[in-house]
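*Asks:* The structure is given below, and queries will be raised subsequently.
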Amino acid sequence: MKIAILSTKQELSSTQRLKEAALARGHKVKIINTLRCYMSLSQEKPTIHYMGKELARYDAVIPRIGASITFYGTAVVRQFEMMGTFCLNSSMSITRSRDKFRSLQFLSRKGIDLPITGFAHSPDDIEDLIQMVGGTPLIIKLIEGTQGIGVVLAETKKAAESVIQAFLGLKVNILIQEFIGETQGRDIRCFVIGNKVVATMQREARPGDFRSNVHRGGTTKLIKITPQEREISINAAKALGLNVAGVDLLRSKRGPLVLEVNSSPGLEGIENITKKDIAGMIIEFIEKNAKPIKAYSRYQG
């Protein structure tokens, strides 16, 4: 098969692992800079050009779309879909996952348990919003933040009001979330491929922080998840339409809660801790599912 990996930074570990895994299984693979793709639409056919030439057809595309280029990146993925190319995660599923509140709305509609979450526009509603999520302490998040950036723990009502007012004053979209204190800065990353959780790890925040992201200095260790945690992870990925996802869970007193669903989960940390060839599993999934399809048939707006 001919496989394209969409990535703006080909040196990234996850991108290289996917390339290695594809080559090891006998496929032709090319890393394509998403931002150097440019597109043409006409009555006859959609095309993608790359560095001065029309891009060759590929059997499958692996989108590694960074949060900062979601709009353009998903447009490129959508163009591949219109050309009939199998995309590991669809443009629609990536878009759903990137807007934190929108993704939680999808999960809530499917009956998936979440931390109580609020969203408001007017500063006049701050006091009621704080009460809606159970009061302080509470978490304040940028709707399009990643890797723990733009996540604030407000421990008092006064602090919460000040931070929320500051964000709203800057016309920044934020969501407010209940603080699950019993997790003690720990969460669980479940790596989902298709309808299966293929790897799990626990992440723990560094001392003095509450964010467990490895990019923020958090540590990881192996963990065994429960059947309920496995089921909720698979259902969360399915609710957003993702074939591959990193589902972050919290173990709360009322059971597992889905914190977030990542459409471009990193491979390095979880492969290192579990010693599993997750990149190889992704390529195997593509082999089983990348069948020739009619052009335009995957485009859903």
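Backbone N, Cα and C define each Cβ position, glycine as well.
Annotations per Swiss-Prot:
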| type | residues | note |
| --- | --- | --- |
| BINDING | Lys141, Glu178, Phe179, Asp187, Arg211, Ser212, Asn213 | ATP binding site |
| BINDING | Asp248, Glu260 | Mn(2+) 1 binding site |
| BINDING | Asp248, Glu260 | Mg(2+) 1 binding site |
| BINDING | Glu260, Asn262 | Mg(2+) 2 binding site |
| BINDING | Glu260, Asn262 | Mn(2+) 2 binding site |
| DOMAIN | 104-287 | domain 'ATP-grasp' |
*Asks:* Compute the C-alpha separation of Asp187 (ATP binding site) from Asp248 (Mn(2+) 1 binding site), stating it in Å without decimals.
*Replies:* 7
*Asks:* What residues, ordered by sequence, lie under 8 A Cβ-to-Cβ from Glu178 (ATP binding site) and sit at least six positions away in the same chain?
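*Replies:* Once residues fewer than 6 apart are set aside, Glu178 (ATP binding site) is near Pro115, Ile116, Thr117, Val133, Gly134, Leu138, Ile139.
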*Asks:* Could you tell me which of these binding-site residues, Phe179, Asp187, has the greatest number of Cβ atoms within 10 Å of its own Cβ?
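*Replies:* In terms of Cβ crowding, the pick is Asp187.
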*Asks:* What residues, ordered by sequence, lie under 8 A Cβ-to-Cβ from Asp248 (Mn(2+) 1 binding site) and sit at least six positions away in the same chain?
*Replies:* Asp187, Ile188, Arg189, Cys190, Val258, Leu259, Glu260, Val261, Asn262
*Asks:* Let me check the 10 A CB neighbour count of Lys141 (ATP binding site). How many other CB atoms are there?
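*Replies:* There are 21 such Cβ atoms around Lys141 (ATP binding site).
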*Asks:* Mind giving me a neighbour count for Asn262 (Mg(2+) 2 binding site)? Other Cβ atoms within 10 Å of its Cβ, every protein chain shown.
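*Replies:* Excluding its own Cβ, Asn262 (Mg(2+) 2 binding site) sees 21 Cβ atoms within 10 Å.
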